[in-house]
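Straight from TrEMBL, the features:
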DOMAIN    1-124  domain 'Dihydrodipicolinate reductase N-terminal'
BINDING   G7, A8, A9, G10, R11, M12, D51, G97, T98, T99, A121, G122, N123, M124  NAD(+) binding site
DOMAIN    127-262  domain 'Dihydrodipicolinate reductase C-terminal'
ACT_SITE  H154  active site, proton donor/acceptor
BINDING   H155, G164, T165  (S)-2,3,4,5-tetrahydrodipicolinate binding site
ACT_SITE  K158  active site, proton donor
Amino acid sequence: MRIAVLGAAGRMGQALTRTLAETPGCTVAGGLEAEGSPAIGQDIGTLAGLDPLGVAITDDALHLFAHADGVLDFTSPAATVAFAGLAAQARIVHVIGTTGFSEDDLIKLEAAARHAVIVKAGNMSMGVNLLAALTARVAATLGPEFDIEILEMHHRHKRDAPSGTSLMLGAAAAKGREVSLAEHSVRTRDGETGPRRTGDIGFAALRGGDVVGEHRVIFAGRERIELAHIASDRGIFARGAVTAALWGRGKSPGLYSMADVLGLQVLGL
Ligand SMILES: NC(=O)C1=CN([C@@H]2O[C@H](COP(=O)(O)OP(=O)(O)OC[C@H]3O[C@@H](n4cnc5c(N)ncnc54)[C@H](OP(=O)(O)O)[C@@H]3O)[C@@H](O)[C@H]2O)C=CC1
Ligand SMILES: O=C(O)C1=N[C@H](C(=O)O)C[C@H](O)C1
């Protein structure tokens, strides 16, 4: 499968190139950066710390989409929405790892998925997707006397909060409890907040240093249960993304999740 990397010079872009280069059945079909980026013209392998792969990073999205069977997209919300239109036109698999979408962006991605195979997840690692399934299970088992709080820490460069993973975990908790996340989520606390409302699902975000990504789901009642995931290497996200692209080839158009790719729903988790 010919797979191109969007945002090839980024932290995830480089991890994706390394993973693609070592995955049987995949070829690195190209790398994209925005016009004016100093990465344009550089070899995608060299940039990712490998031997040269003979593929120069380009800013020509149309050419790149026309010569790929799939694209791995860890860029920015605005770029990803534009790329969804191009992937739909080219009828190729669009794997979306980007986070921080607005409601309006999500509507546009759903529209694009009527014509294209999109696999989208706030976290592509097997561990976090398992954690989400476990979170739903624990939330369904415990009553509302257990307060649910989701805590994350990421590196100082991260631009969005709560993280895509925290939102996935919040959605899983809400699903387990059979409530709407929008009606129960509390994203900030400051000043005279009053006591915690029963049933709320709270979010807290820490930023600093080079932390790859850490998440904790806390169920706090008269006793406390905590589920946690710690990522120490971006390769876990990259492996999930490449697996998703291979899985998506030949599927009917639609918006799929990593739970679909990993078969977690089939397992009843
Ligand atoms: N779902 C998951 O498993 C994971 C998701 N993420 C998400 O992936 C995204 C990227 O993270 P990260 O790699 O750390 O960020 P980086 O900023 O390191 O990388 C993003 C790259 O995309 C480039 N880019 C932005 N706009 C365009 C465009 N229009 N065309 C081509 N390239 C573009 C950026 O270029 P420039 O710097 O010039 O803007 C940059 O090189 C974030 O939303 C993050 O939350 C991250 C890890 C795992
Ligand atoms: O920006 C990151 O780095 C990460 N983003 C994703 C998120 O928003 O949850 C996944 C991972 O935690 C790393």
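In case you wondered, yes, glycine gets a Cβ from its N, Cα and C as well.
Computed from a predicted structure; not experimentally measured.
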Mind checking which of T98, T165 has the fewest other CB atoms within 10 A of its CB? They're the binding-site residues.
T98
For the residue listed as 'active site, proton donor/acceptor', the one of G7, A9, D51, N123, T165 that lies nearest, given that the binding-site residues are compared by Cα
T165
If you measure T165 ((S)-2,3,4,5-tetrahydrodipicolinate binding site) to N123 (NAD(+) binding site) at Cα, how many Å is it?
5
For a three-state summary based on DSSP, what are the helix, strand and coil counts in the domain 'Dihydrodipicolinate reductase N-terminal' (1-124)?
45 helix, 27 strand, 52 coil
Whose Cβ, among the recorded positions R11, H154, H155, K158, has more other Cβ atoms within 10 Å than any of the rest?
H154
The residue listed as 'active site, proton donor/acceptor': secondary structure state under DSSP, collapsed to three categories:
strand
Given the recorded positions H155, K158, G164, which one's Cα is the least distant from that of A121 (NAD(+) binding site)?
G164
Least Cβ-packed of the binding-site residues A9, A121 (other Cβ atoms within 10 Å) is A9
Would you find the one among the binding-site residues G7, G164 whose Cβ has the most company, meaning other Cβ atoms within 10 Å?
G7
Averaged across the domain 'Dihydrodipicolinate reductase N-terminal' (1-124), what pLDDT does the model get? Just tell me the whole number, please.
98
Hits among T98, A121, K158, T165, i.e. recorded positions with CB under 6 Å from ligand 2, come out as K158, T165
Spatially, which candidate from the recorded positions H155, K158, G164 is nearest to N123 (NAD(+) binding site), comparing Cα atoms?
G164
Within the domain 'Dihydrodipicolinate reductase C-terminal' (127-262), how many residues are helix, strand or coil going by DSSP?
52 helix, 36 strand, 48 coil
Looking at the binding-site residues listed here (G7, A9, R11, D51, T98), whose Cα lies nearest to that of H155 ((S)-2,3,4,5-tetrahydrodipicolinate binding site)?
R11
